[in-house]
Amino acid sequence: MNQRLIIKTALSAAILASLAGCASQPAHEWNADTTYKLTVLHTNDHHGRFWQNKHGEYGMAARKTLIDDLRDEIQAEGGSVLLLSGGDINTGVPESDLQDAEPDFKGMSKIGYDAMALGNHEFDNPLDVLFKQQDWANFPMLSANIYDKKTGKRLFQPYAMFNKQGIKIAVIGLTTEDTAKLGNPEFIGQVDFRDPKVEAKELIAELKKTENPDLIFAVTHMGHYENGNRGINAPGDVALARYLNEGDLDMIVGGHSQEPVCMEGPNVIKKNFKPGDECQPDQQNGTYIVQAHEWGKYVGRADYEFRNGELSMVSYDLIPVNLKKKINVDGQSQRVFVQDEITQDKAMLDFLRPFQEKGQSQLNVKIAESNGKLEGDRDVVRFQQTNLGRLIATAHMERAKADFAVMNSGGVRDSIEAGDITYKDVLTVQPFGNMVSYVDMSGQEVLDYLNIVATKPVDSGAYAQFAGISMRIENDKVTNVFIGNKQLRLDGRYRFTVPSYNASGGDGYPKIDTHPGYVNTGFTDAEVLKDYLESHSPIDVNEYAPSGEVMYQTNNVVNQ
């Protein structure tokens, strides 16, 4: 028999076998007219919080107890559980950061996560660290839209399949394409972050042909934006659901925007959600969208019923993990649990404690003190000039002997409370390990730069904090610029500092690290801040309070 006949015969046999299989195999493994219970538990934006905070809130030991109890309860009632994470395990507290989030990924494995989305902060470290973290995790880290620029192939597993009582569930992973500007440019030069909406549509079509799932979920790190109003951010979960065919995704388990996704009505988010409140998830184009705030503060619980191929949500809840509220008792403020205290799992505590002790041994030494709060809260520092933003910029300016300083608010990760300041406080505020850099430019170049950087919108990490400069921003244009109390001269020469991350184009800033006047000092931002605090202690926070140096005017309304 010649080769062509062998191939033809083999193909004919394969086609007949395939047709016979289609005729004899059931289309599904579940039983008709039977109601199945399925619960999806989820967290997101963990950011290194493996240990409880100083008030005894959240932490992975309490989370494990809660999830173990929920699993036992659900399985006792005949249901099944899927545990998912919306990503950003990395970057947040020094005890985790100094150990490459080893306690966090290994802790997630012990809790029993089924899958997670890769978040943008997974790319704050070199790729070899991320690959090491994959080895620590006994669950898949998913992203369908991240490719190797050289090979054109996906860098990570795009989806995972799960079988729950005969129900075939495909879980696809998607990562914000903003990672290209939010990730450290030094580590992602060969990584291509493609449009997750397009990748999702193509992958869903492929899965329907190859895997024939009963349900398709997406675990994403793209952000939830009310009614899809995303500003300068890349498209998020709402845009994803609307882009796909209706009902292509049964559920999106999200992250990135770090909020409880609880709706008051269609396309209207509940603005003042408090722990213990009822939570109604978003629903767009036949897709449920959920997100559980941040740091393991909550475990989201979505209870479904599956019957004859149809999925319906029975209930949804955000369960607080030992969150507390302040009350007044006999004229004094006390913190009490919002709900019953969740006992910390002893085995998990024993596992995590050595990591916590190792980290703390390096961090809890006092380096300075202050007479008030240095403001770095996300919902403040991304909207207005603050004393902490100005202090950090001043520290950079002093180290580089610069005329003024630019500091992206996304690099200010927390506040520093009044009183003693430790190295841990510094690393919590600046965990990324960016270098302080500076550039010498002409006045015209400076003005061109400011017209891009100083006009970045609020509510984004690109919003800039400044020191050593005053200006007015109106209609996306910078005017009345003074540097060192002298008006900007277009033919003058000026030096300013900027984090190396932004100098490389991060946050959409102009890429200036190839400018002939650019210098990377080699000093990490946290080290510079630590040295500045030590040498200027005690810190008078009032000296750094903004007093109208940077004025924004929009629709005749002036903001600082």
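Glycine is no exception: its Cβ is also placed from the backbone N, Cα and C atoms.
As annotated by Swiss-Prot, divalent metal cation 1 binding site applies to Asp45, His47, Asp88, Gln258. Close to Asp45 (divalent metal cation 1 binding site) in the fold, though at least 6 residues off in sequence, lie Gly86, Gly87, Asp88, Gly119, Gly255, His256, Gln258, His293, Glu294, Trp295, each with a CB less than 8 Å from its CB. Secondary structure at Asp45 (divalent metal cation 1 binding site), taken from DSSP and collapsed to helix, strand or coil, is coil.
Summarising the annotation, Swiss-Prot assigns divalent metal cation 2 binding site to Asp88, Asn120, His221, His256. Around the Cβ of His256 (divalent metal cation 2 binding site), a 10 Å sphere holds 31 further Cβ atoms from the protein chains shown.
Every protein chain shown contributes to the tally, and the Cβ of Ala503 (substrate binding site) ends up with 27 other Cβ atoms within 10 Å. Taken from Swiss-Prot, the feature substrate binding site applies to Phe432, Tyr501, Asn502, Ala503, Ser504, Gly505, Gly506, Asp507.
Swiss-Prot lists Cys22 with the feature N-palmitoyl cysteine.
What Swiss-Prot records for Cys22 is S-diacylglycerol cysteine, and it gives a curator's inference as the kind of evidence.
Summarising the annotation, Swiss-Prot assigns signal peptide to 1-21.
His121 (site 'Transition state stabilizer') has a Cβ environment of 26 other Cβ atoms inside 10 Å. Annotation source Swiss-Prot lists site 'Transition state stabilizer' at His121 (among others), citing similarity to another entry.
What Swiss-Prot lists as site 'Transition state stabilizer' is Asp124 (among others). Cβ-based neighbour count (10 Å, all protein chains) for Asp124 (site 'Transition state stabilizer') stands at 24. Taken residue by residue with DSSP, Asp124 (site 'Transition state stabilizer') is part of neither helix nor strand, so it is coil.
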Inset, instruction - Find the shortest Cα-Cα separation between His221 (divalent metal cation 2 binding site) and the recorded positions His121, Asp124, Tyr501, Asp507, and name the residue that gives it. - result: His121
Legend entry - Candidates Phe432, Asn502, Ser504, Gly506 (binding-site residues) with Cα within 10 Å of Asp124 (site 'Transition state stabilizer'): Phe432
Legend entry - Residues flanking the divalent metal cation 2 site, with Cβ no more than 8 Å from the Cβ centroid of Asp88, Asn120, His221, His256 and excluding those residues themselves: Asn44, Asp45, Gly86, Gly87, Ala117, Leu118, Gly119, His121, Glu122, Thr175, Thr176, Thr179, Met222, Gly223, Gly255
Inset, instruction - Between Gly505 (substrate binding site) and His121 (site 'Transition state stabilizer'), find the distance joining the two CA atoms and give it rounded to the nearest Å. - result: 16
Legend entry - Cα within 10 Å of His121 (site 'Transition state stabilizer') - qualifying binding-site residues among His47, Asn502, Ala503, Gly506, Asp507: His47
Inset, instruction - Taking the recorded substrate site as Phe432, Tyr501, Asn502, Ala503, Ser504, Gly505, Gly506, Asp507, identify the other residues of that chain whose CB atom sits within 8 Å of the mean position of the site's CB atoms, giving them in sequence order. - result: Lys181, Asn184, Pro185, Asn408, Asn434, Val498, Pro499, Ser500, Tyr509
Inset, instruction - Counting other Cβ atoms within 10 Å, pick out the least crowded of the binding-site residues Asp88, Asp507. - result: Asp507
